[in-house]
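Listed in Swiss-Prot for this protein:
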- Gly17, Pro18, Thr19, Ala20, Val21, Gly22, Lys23, Thr24: ATP binding site (BINDING)
- Thr19, Ala20, Val21, Gly22, Lys23, Thr24: substrate binding site (BINDING)
- 42-45: region 'Interaction with substrate tRNA' (REGION)
- Thr108: site 'Interaction with substrate tRNA' (SITE)
- Arg131: site 'Interaction with substrate tRNA' (SITE)
Amino acid sequence: MNDMGEVQREKVAVIIGPTAVGKTKLSIDLAKALNGEIISGDSMQIYRTMDIGTAKVTKEEMDGIPHYMVDIKNPEESFSVAEFQERVRKHIREITERGKLPIIVGGTGLYIQSVLFDYQFTDDAGDAIYREQMEKLALERGVEYVHKKLQEVDPESAERIHANNVRRVIRALEIFHTSGEKMSDQLEKQENELLYDVSLIGLTMDREMLYDRINLRVDIMMDQGLLEEVEGLYNRGIRDCQSIQAIGYKEIYDYFEDRVSLEEAVSQLKTNSRRYAKRQLTWFRNKMDVTWFDVTDGEKTSEILRYIEGKLQLKSNNSK
């Protein structure tokens, strides 16, 4: 507590931005300077054996900095925003208690937002019979059909939730069915109450340069063995799981199921990655109060470090 008897909020630095913009290197540089530990804010890096397609941080890249929320689930296991929220808040508490700065880095907007704001996830008002009906419809008539039903009652949630994320599409429909309230409206009510003392940094760059980096990253992933990584999952019989809906996996799965050629799969992977980057930027700009740093002309580590020091009233190792 401070002198006024108020509970001091935990300090958290957050680095967000589109895929391939350079978040990983920045986060490690900042962690070294600010005595920090890193929490992944990526919903797919949680999966073991899914390393290349998720651009998972390597041991070498970590350079001794502790990382959390990486490799905590098997690919066939499901994972919810609510579980992410609970685990990450626990890590924030524990890192703070050790006298370190929690640094969340990633591009999965809703997951990060659920941690920072007063989001409350409740399954109490569920309707199992309705849920089963929707699951049956998704199987019989396709995921797009169920997603279209969501568009009719809650277009905001439909815009945010991809059609392939059937579980979340059905959950949003279920909330509307049981409460008459849109999931998007429920979330909006919870979007204004920050739980932490947050410095929220966003990285951006010239769109064409970003798209070139994304295309190059896909080529590098293929050279590193993405095809073999996905083949391993496919040969293990992993199908219809949350994990393989990720960009980088669903496209290569189409190749293994003879829907497309390998060349077409790689081309689609690049297209989907570019579209995802665009959606990420739009989402962050619309949903969160981000201080943006343009890294088109090179990294801005020193500038960002000074900003975080000022915002969170910290002193870095570099300024001692």
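Every residue gets a Cβ built from N, Cα and C, even glycine.
Quick caveat, the model's predicted, so the values are computed rather than measured.
With a cut-off of 8 Å between Cβ atoms, the residues of this chain six or more beyond the region 'Interaction with substrate tRNA' (42-45) that come close are 53-54, 56-57, 69-71, 79, 84, 106-108, 111, 243, 246. When secondary structure is read from DSSP and collapsed to three states, Pro18 (ATP binding site) falls in the coil class. When the Cα atoms are compared, Thr108 (site 'Interaction with substrate tRNA') and Gly17 (ATP binding site) turn out to be 9 Å apart.
Listed in chain order, the extra residues whose Cβ falls within 8 Å of the Cβ center of the substrate site residues Thr19, Ala20, Val21, Gly22, Lys23, Thr24 are Gly17, Pro18, Ala55, Gly107, Leu203. Here the CA atom of Ala20 (ATP binding site) lies 37 Å from the CA atom of Arg131 (site 'Interaction with substrate tRNA').
Mapped onto three states, the DSSP output places Thr108 (site 'Interaction with substrate tRNA') in coil.
Same-chain residues with CB within 8 A of the center of the Gly17, Pro18, Thr19, Ala20, Val21, Gly22, Lys23, Thr24 CB atoms, the ATP site residues themselves not counted, are Gly107, Leu203. When averaged over the region 'Interaction with substrate tRNA' (42-45), pLDDT in the model lands at 94.
Shown for the region 'Interaction with substrate tRNA' (42-45): DSSP residue counts in helix, strand and coil, namely 0 helix, 0 strand, 4 coil.
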